[in-house]
């Protein structure tokens with residue numbers, strides 16, 4: 001990569017603008033070259049190595065023009081390579097980056113001759129070069145109506161905070177901070193929705209017995225979110241400039257690295273927790289309603305959940321589709337940010353309908369939103385199952401058995417008939433394109449039917465806890481359960497190690513045994529997390545329980561949803577604008593939490609407070625309502641309050 005900033009320094013008044021082009025170079029096979037033979041052999045290990053036939057090469061056009069100006073027409077022709085049949089991916093789909101076709105028409109010959117001159121002189125090879133994008137010193141920021149709409153919405157939210165804070169201060173007759181910790185009557189609370197009293201809601205601790213037992217969930221959310229950010233940072237390392245890319249390939253030869261590679265399983269923790277919370281909440285509601293929950297409760301709960309999750313999600317989508325691209329520059333910036341802008345302007349509707357893990361999944365807007373789509377879909381299924389169980393308790397075992405069988409058989413069916421491996425194989429080459437076009441990612445990672453099992457295993461864990469609580473059974477007193485609980489901390493990482501065999505070998509597909517292994521290994525994680533959750537509820541390890549219940553985790557856990565949504569924005573800003581090797585994982589985590597705090601105060605908590613007013617008119621006193629809402633609303637699994645059940649049945 002040529003120096004980006006030097007190339008685009010403002011030229012003199014009579015000089016042409018500086019132009020910096022990023023290209024993909026596909027080396028032309030040359031069986032006479034020993035180096036080419038080495039490249040072909042090394043790249044054949046497609047699961048653990050990059051495809052070294054494809055190079056990323058960024059050049060300054062002015063520098064190229066100077067380098068080739070003395071070449072004869074014959075030499076130029078010899079360094080021009082016609083496009084040849086290529087069976088490897090070397091670029092994004094056309095039309096994603098603006099003006100690429102025009103840039104190729106103007107600069108393609110100069111850039112290709114320049115690159116091939118260096119390739120030929122240094123390595124004795126040449127390649128077909130295709131321009132991916134070009135930045136110019138004359139480029140200007142273009143602001144359109146959508147960009148302005150984001151600023152208007154942001155301005156309105158800030159005005160709401162200011163006006164709401166002013167209104168709330170006028171009714172603080174005693175001029176004490178206690179005023180902001182107390183619930184207001186309905187009319188006054190509408191006026192104070194955006195007040196900074198939401199800070200007290202964010203940092204408060206509940207006194208409800210059930211939520212006291214589940215307080216460690218906030219620590220789980222915080223730790224899981226931190227690990228997800230770490231994992232996404234590892235993904236970005238394959239994109240940003242690095243001086244030692246071979247270290248990543250060496251890592252893929254290490255059996256122990258499978259624990260890191262299979263770290264993508266960490267998102268299953270969120271699924272298992274959400275399933276557990278949903279089951280506990282529904283069974284608690286059923287107990288209050290004397291064993292009956294109307295089926296009309298289901299659409300109300302779904303609507304409640306949609307309203308809870310969507311406003312902040314939509315705000316982040318709008319941010320990615322407008323101002324993200326305008327915030328930075330760099331040799332990789334268009335690659336990382338303009339693609340996001342294009343996808344969000346094309347496919348935003350798939351996110352808001354929560355179908356983005358199936359529809360246009362290869363052009364993702366807010367890519368991490370695949371989880372929200374998958375979890376929303378399985379939430380609907382699990383809610384129907386739980387309400388059915390409540391109303392037909394005699395069929396509980398049969399219904400749960402059928403659902404769990406489906407959770408194992410359905411994904412195994414797809415793994416078999418789609419000719420997939422026995423694990424989600426994460427190749428370095430697929431990471432070049434942020435997994436967008438990778439069949440393993442699209443078919444064996446983000447679909448709901450692949451992730452259904454661990455959510456339902458979380459539901460089973462919640463039902464087991466509800467039954468044990470009803471019978472006043474304390475599992476912490478069981479030596480067998482305590483031994484099993486401790487064993488899970490070792491067993492879960494160890495179950496990831498056998499995945500190494502799928503990186504070393506190319507087994508014939510379709511394969512029954514690989515389909516079975518995929519499902520068993522993936523869903524064992526949900527079983528393990530369910531056991532750990534139940535053990536923490538009952539305090540198997542009091543020291544760990546006290547650590548996880550530390551007040552520090554309470555607000556951080558409630559910020560997990562916002563941090564999950566905003567952290568790729570932060571990481572793009574910090575990583576993809578770099579000019580050289582970089583590692584800023586800790587900074588990205590802290591910045592994500594800070595921006596999540598802004599989102600929480602501007603949108604999340606006002607939305608939840610408004611929901612309590614809209615849906616909670618028949619519920620218990622507001623102080624209790626607020627207490628319950630503060631604990632549960634950040635767990636991704638949120639259901640309508642008890643009042644919906646009453647309204648539905650009335």
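FYI, residue positions are counted from 1 along the chain as it appears here.
Cβ from N, Cα, C; glycine included.
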TrEMBL annotation of transmembrane segment - which of the ranges 264-286, 333-355, 609-631 it falls on: 264-286
Transmembrane segment per TrEMBL - which of 148-167, 168-187, 188-207: 148-167
Stretch carrying transmembrane segment according to TrEMBL (options 113-134, 223-244): 223-244
Contact call for the transmembrane segment (148-167) against the transmembrane segment (581-605), three or more Cβ pairs under 8 Å: yes
Any contact, the transmembrane segment (306-325) to the transmembrane segment (556-575), with at least 3 Cβ pairs under 8 A: yes
Cβ contacts under 8 Å made by the transmembrane segment (397-420) with residues that lie 6+ beyond its boundaries: 385, 388-389, 439-440, 443-444, 447, 449-450, 452-453, 456-457, 460, 463, 509-512, 514-516, 518-520, 522-523
Selection from 223-244, 370-390, 440-464, 524-544, the stretch that has most Cβ pairs under 8 A to the transmembrane segment (264-286): 440-464
Mean of the pLDDT scores, which run from 0 to 100, over the domain 'Acyltransferase 3' (216-601): 89
Stretch with greatest number of CB pairs under 8 Å, the transmembrane segment (556-575) reference, 223-244, 370-390, 440-464 candidates: 223-244
